[in-house]
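Step one of this worksheet: look at the structure below.
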Amino acid sequence: MADTIIEAITAREVLDSRGNPTIEVDVYVESGDMGRAIVPSGASTGAFEALELRDGDKSRYGGKGVLKAVEHVNTTIAEALEGEDAADQVSIDRKLIELDGTENKGRLGANAILGVSLACAKAAAAAHDLPLYRYLGGVHAHVLPVPMMNILNGGKHAQNSTDFQEFMIMPVGAPSFREALRWGSEIYQSLKKVIHDRGGSTNVGDEGGFAPSLPTNEAALQIIMEAIERAGYKPGEQVMLAMDPACTELYKDGKYHLEREGRSLTSAEMVEYWDDIAARYPLISLEDGLAEEDWEGWKLLRARLGDRIQLVGDDFLVTNVKRLARAISEQAANSILIKLNQIGTLTETLDAISMANRAGWTAVVSHRSGESEDVTIADLVVATNAGQIKTGAPARTDRVAKYNQLLRIEEELGSAAHYAGMGAFRIRR
């Protein structure tokens, strides 16, 4: 029996991929093993997310320091959890939630709580001499995800680009994850050349995608289609498109303002807009296609497009089982984006994935725009057989680290590994 009793918990302030501070937590157990986790941070955040605790001291990191969260881990949380069993994840997470005592984890900070939650799981996995995906997922963990690669950025992730935040490719026709990654990388390099040939800038955004100045939102889809074809792949067969327009950012006074196009659309008109795009492009997944509080619009979107397209709730659902339960009962959306730091513990994250699966929904495991070398989400997506991962372009080490971990997992699984491909989706095409 591995000795997974917690001996010590320590936290420190480190930097994320955008040069902002974040929290890293180490959990030591009696076997001598240690688990370490770095917590990510988002750029466009849902109003209903768990609260990331920042210091607010303008003399350090422009107020973005996390020394308060670090202090909470090193004192309050460490004192409460030392002597507890790191392998009892549900109990650990329940204690963390009780210790905080707020609805949004705002007292101790969702960043402090998540760091401890994940580091406990990693320490227990190490004590059992198991990779994290196997420790969390058991013998059934064997599905490698289709990568949802953000290769063109706009909105809050770039400047002078499109109204919409992310344009992505999904190599659904690849025979393995390794090949899917190669296809994605080749299309990414092809896109760079397409943009360069048009005299555009090949600067990259937070998540590694290019952020050229484009005349219209649709121009982004057009150059991606060209890049796929130039790389030698067939859009609509081998490679599908996905989008995250982050429409909450465009919603004001009951309308969606597309500044690039000089238009303001009602919810019904926005649904028409997406229906038209889906009819003309091989769009398989649309995330936050409407604003986070536009419930009536979401129901309309699901009724119109739900059998053809994966409609993912991110800001809309914020990995929150209460919002997810309502969306399931009201038939708004048909997929949930899973971001660990939106809800703040591993247990609650796994609960959200389970609830989605029971309803016949899909779950897409996701990074945040502020990332690090931490690869927990790569193990999580295999552990849950979720079948889809969203972790940026095949560029920048903070993104590539996750892809490289998935390559290792696929190799380790050998003949048991199964690449999700089109099977990742629960729609008719």
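Count begins at 1; order follows the chain as displayed.
Each residue, glycine too, has its Cβ placed from N, Cα and C.
Residues ASP244, GLU287 are given by Swiss-Prot as Mg(2+) binders; from ASP275, ASP276, ASP307, ASP314, that same site also lists ASP314. (2R)-2-phosphoglycerate is bound by GLN165, ARG368, SER369, LYS390 in Swiss-Prot, and the record lists one more residue there from LYS192, LYS193, LYS339, which is LYS339.
The record assigns GLN165, LYS339, ARG368, SER369, LYS390 to the (2R)-2-phosphoglycerate binding site, and the maximum Cα to Cα distance across that set is 17 Å. Figure note: comparing Cβ neighbours within 10 Å for the binding-site residues GLN165, SER369, the maximum is reached by GLN165. Between the candidate binding-site residues, LYS339, ARG368, LYS390, the densest Cβ environment within 10 Å is the one around LYS390. Checking each of the recorded positions (GLN165, GLU207, LYS339, ARG368, SER369, LYS390) against ASP244 (Mg(2+) binding site), the C-alpha distance stays within 10 Å for GLN165.
Same-chain residues that are not part of ASP244, GLU287, ASP314 yet have a Cβ within 8 Å of the Cβ center of the Mg(2+) site turn out to be GLN165, GLU166, MET243, PRO245, ALA246, LEU286, ASP288, VAL312, GLY313, ASP315, LEU337, LYS390.
Ranked by Cα separation from GLU287 (Mg(2+) binding site), the recorded positions GLN165, GLU207, ARG368 are led by GLN165.
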